[in-house]
Structures are given as C-alpha cells and as structure tokens.
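Copied from TrEMBL, the annotated features are:
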BINDING   GLY47, ASP68, ASP75, ASN76, LEU77, HIS78, ARG79, LYS92, ASP136, ASN137  ATP binding site
BINDING   CYS178, CYS181, CYS253, CYS256  Zn(2+) binding site
ACT_SITE  CYS195  active site, glycyl thioester intermediate
DOMAIN    302-405  domain 'Rhodanese'
ACT_SITE  CYS362  active site, cysteine persulfide intermediate
Amino acid sequence: MDDLSWTAGLTKEQAGRYSRQVLVQDFGVNGQKNASTSKVLIIGAGGLGCPTATYLAGAGIGTIGIVDYDTVSLDNLHRQVAHREQAVGTSKVESLKIMLNSLNSSIKIITHEATLNSKCAMEIVKLYDIVCDCSDNAATRYLINDVCVLLDKPLVSGSALRWDGQLTVYHYGKEGPCYRCLFPSPPDPSTVTNCSEGGVLGPVVGVIGSMQALEVLKMVAGLPCSFAGKLFLYDGRSGSTRTIVLRKRSPRCAVCGDEPSITAPIDYELFCGAGAHDKIERIWLLEQNERVSVEEYRDIRRIARPLLIDTRPPIEFEIAHLPEATNITLNDLSKLDSAQITEKLKLNATENDQKKDLFVICHRGNDSQRAVKIIKEKGNFEFLSVRDVSGGYDEWATKVNPNFPVY
Ligand SMILES: Nc1ncnc2c1ncn2[C@@H]1O[C@H](COP(=O)(O)OP(=O)(O)OP(=O)(O)O)[C@@H](O)[C@H]1O
Ligand SMILES: [Zn+2]
C-alpha cells in the first residue's frame, strides 16, 4: 500500500534529496514539507537574485518565480554566478531558469520576462507567498514595497554596492515596518550610485543573496525571521557586521499606516524622479559648438597633441586612458581656479605663446559636459575654446578604437 505516514509526508525522493537540511534541528520534515508547497517570487535575476534563487531551488521551494527584463552581459558574470558565458546576450530569466532546472528538476520555475511596473506588479506578486527584492533601483524598491503591503506579502529585501551589503525583512508581523515607513521620501537621484558606477564585489552580493534565501527558509519553516524590523549591515572590506533595530511600523506611513493614502500602485518613476532601472541616462547640457564628436577629436589629435582633461575617478583612469589625458575629477575641477587648472595641464607661457583648445572627456559623455560648464563658469581661462568629447570613452571604443576597453 502506498502509505506515506511512515515518512511523515515526504516522498522517498524528497527524504533522500533534502536529507541534510531535514536533519537540521528546527527545520526538519515540517520545514521541508512547507518548502515544497511554498511559492517565492524573486525580482531581479542579477547579483542578488542568482544566489537567492539558487539556494531556494536547491532547498526545494516548490514554485520559484523570476522577474527581469534584461539580458545577460559579460560584465554581469563576475557576480551573477547562475549565468554562463554562453548566455551572454540572452534573457536573464531564461538563463536562470535553465540553471535552476538543472539543479533541481522537481520544482516549478515560472519566468516573467518583463519590467515590473505599476501595471503588472499586483497580478504577478499575488501569485506568490513571499517576495525577494533583488532589484537595483529606487523606483522598483518603492513599487515592490507598496505592492507587498497592499497584498500583505512579506518582503525580503537586499542591496549591495562596492564592499557593502544590506538586508532587511519588511512588512513582517503586525508591527514590522515597511520600506516606506523608514524612507517616506525617495533619494535625490543625483546622489544615487549604482553598480555600473561604483562597482561591486561578487562575494558581497553572494553573502547578502544567500542570507535572503536563509530568511525565506526560516519563514517557510515557521521560525522567527532574524531581520524582520532589523537592518543587517555587512562591510565586506573589514569583515564587520552590524544589526540595527529599526523603528516599528509608522502609523503615519502612506501605505501601511493607519490611514493610508496609497491604496493602489502609483507612478514610481515620477515619485522617484528616476527610471525603474540603473542604467545611466544620457544628458545634453551643451550647445552643439561646445562639443566635438569622437571622430572629430580623432582628427584633431592626428595633427597635434591636444589638451585633454579626463574627469573620471582615478580608478577608471587607471583602467585605460588616452595618453594626452590629464586626470582631474569633476569634484577637483570645481575646487580649482582657472590658473590651477592650467597649471595641472602643465600649460605655461614660455612653451605656449598661443592659446590652445581644451577638450574634456569622461566615461559616457555626461560628466564631461558638466566639466565644460564648470570650467567656463570660472571665466578667465587660458584656452581658445573648451569643448567636450561627445559620448566619451564608450563612444571612442565603439567608433574609433575597438581595442579601447568598454566597462
Ligand atoms: N523593475 C524591474 N523589473 C524587472 N527587473 C528589474 C527591475 N529593476 C531591476 N531589475 C533587474 O534587477 C537586476 C539587478 O541586478 P544587478 O544589481 O546585479 O544589476 P545589473 O543591472 O545586472 O548590472 P549592472 O548594474 O552592472 O549593469 C537586473 O538584472 C535588472 O534588470
Ligand atoms: Zn510603512
């Protein structure tokens, strides 16, 4: 007779496959049974989403949903360890699904290849019991938070940048705060640094993503969450960790408060003043005659060595730069006066009776425009003209020198 009572509800395959976690005190058979009927949504198949999803699939979470709109790129692979070289250029959700299925074919993986936005978020999130925020931008964070409160789902939220990582479980238990309770107003977009500017170390996202998975496993096993109402901070450089107890749910919170003003998803890009992605948006600050194209700059430097300021941080300057470039960051430029800038460029009257043109270059052509404005505002400069190299090194690599590193 096919009676499972002697295994307390686990199949022979489950008991075998998951034995090493079933043996763990307090997780046990109950934790495993609950895992197999749980539905967990992972938003973002990137640095945090890869480890979170991998451990949850390995642990036997019955249904895992993955949301992402993006494709895998080569510079993802150092940390987005579920993706493979052959997946570069293909859908992240599909790539992650293939990997998770090969790790555990007995669970269900649902892909949502889409930008999570106000229109689709409620429909997607309502299909799941627990949500993991593995995204990378403020608009998406507020959206996920509000939708989790509106649908009453616990939210396991992670973030990481450079050497540092953070983790919190929001909207858990009666008095657990939501993201909006703690951050009622969005950050000023100009102060937000993302991975493509600040960088991030792979193991740091690995630590935080693994901890997100662990919080989920405790939740499904009916154990208390360690970071509900607490902020875990990890400094991967010094190895130190800190846990801060957060304020309780705010009765005045716009979404989880006693009289909420937000009762349906709002326009989060408008609210945050920034797009629901962490890609750099190109700006246009200068007049046409204040800019040269990369091809024009190539022709100019063929005739004579131009004066060129490179405004990128020294660490990027070190990756690669044009030989004539002098590294002066935007921040330094704003502190220097015209004479000091000239001095840094080693431009002196004896060598140079004639005034020269000055060019400014940066990574993608945004800071170089800001720099031209800064230099011009100082007035009194020694240059015939000040212009930026439109599109920066990215465009230089695409249109002039394909050997120049793109990063
Ligand atoms: N609103 C959203 N809908 C769907 N996916 C999102 C949304 N916001 C962010 N993501 C996804 O979350 C993931 C975050 O991953 P990660 O922070 O590692 O950055 P990345 O965008 O892959 O890399 P990089 O910042 O280096 O270009 C990305 O794959 C991104 O596409
Ligand atoms: Zn709240």
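Here the Cβ of each residue, glycine as well, is placed from N, Cα and C on the backbone.
TrEMBL: automatically predicted annotations, no manual curation.
Distribution of TrEMBL features across the structure.
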{"residue": "GLY47", "record": "ATP binding site", "DSSP (3 states)": "coil"}
{"residue": "ASP75", "record": "ATP binding site", "DSSP (3 states)": "helix"}
{"residue": "CYS178", "record": "Zn(2+) binding site", "DSSP (3 states)": "coil"}
{"residue": "CYS195", "record": "active site, glycyl thioester intermediate", "DSSP (3 states)": "helix"}
{"residue": "CYS253", "record": "Zn(2+) binding site", "DSSP (3 states)": "coil"}
{"residue": "CYS362", "record": "active site, cysteine persulfide intermediate", "DSSP (3 states)": "coil"}
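Neighbour list (CYS181 (Zn(2+) binding site), Cβ cut-off 8 Å, at least 6 residues apart, same chain): ARG247, ARG249, SER250, CYS253, CYS256, GLY257. Counting neighbouring Cβ atoms within 10 Å of each of the binding-site residues (ASP75, ASP136), the lowest count belongs to ASP75. Taken residue by residue, the domain 'Rhodanese' (302-405) breaks down under DSSP into 42 helix, 20 strand, 42 coil. For the domain 'Rhodanese' (302-405), the model's average pLDDT works out to 90. Less than 8 angstroms from the CB of CYS195 (active site, glycyl thioester intermediate) sit GLY47, ASP136, LEU161, ASP278, each of them six or more residues away in the same chain. Cα to Cα, CYS178 (Zn(2+) binding site) and the residue listed as 'active site, cysteine persulfide intermediate' are separated by 39 Å. Checking the recorded positions GLY47, ASP75, LEU77, ARG79, CYS195 against ligand 2 with a 6 Å cutoff on the Cβ atom leaves no residue at all. Checking the recorded positions GLY47, ASP136, CYS178, CYS195, CYS362 against ligand 1, the ones with a C-beta less than 6 Å from an atom of that molecule are GLY47, ASP136, CYS195. Note: the CA-CA distance between ARG79 (ATP binding site) and the residue listed as 'active site, cysteine persulfide intermediate' rounds to 26 Å. Within the same chain, the residues at least 6 positions away from LEU77 (ATP binding site) whose Cβ sits under 8 Å from its Cβ are HIS83, ARG84, GLU85, VAL88, listed in sequence order. Highlighted in sequence order, ASN145, VAL149, HIS171, PRO177, TYR179, ARG180, LEU182, ARG249, SER250, ALA254, VAL255, GLY257 have their Cβ within 8 Å of the centre of the Cβ atoms of CYS178, CYS181, CYS253, CYS256, the residues recorded for Zn(2+), and are not part of that set. DSSP classifies ASP136 (ATP binding site) as coil under the three-state reduction. Taking the Cα atom of each, ASP75 (ATP binding site) and CYS362 (active site, cysteine persulfide intermediate) are about 19 angstrom apart. Shown in sequence order, ASP310, THR311, ARG312, LEU330, SER368, ALA371, ASP388, GLY392, TYR393 are the residues of the chain, 6+ apart in sequence, with a C-beta less than 8 angstroms from the C-beta of CYS362 (active site, cysteine persulfide intermediate).
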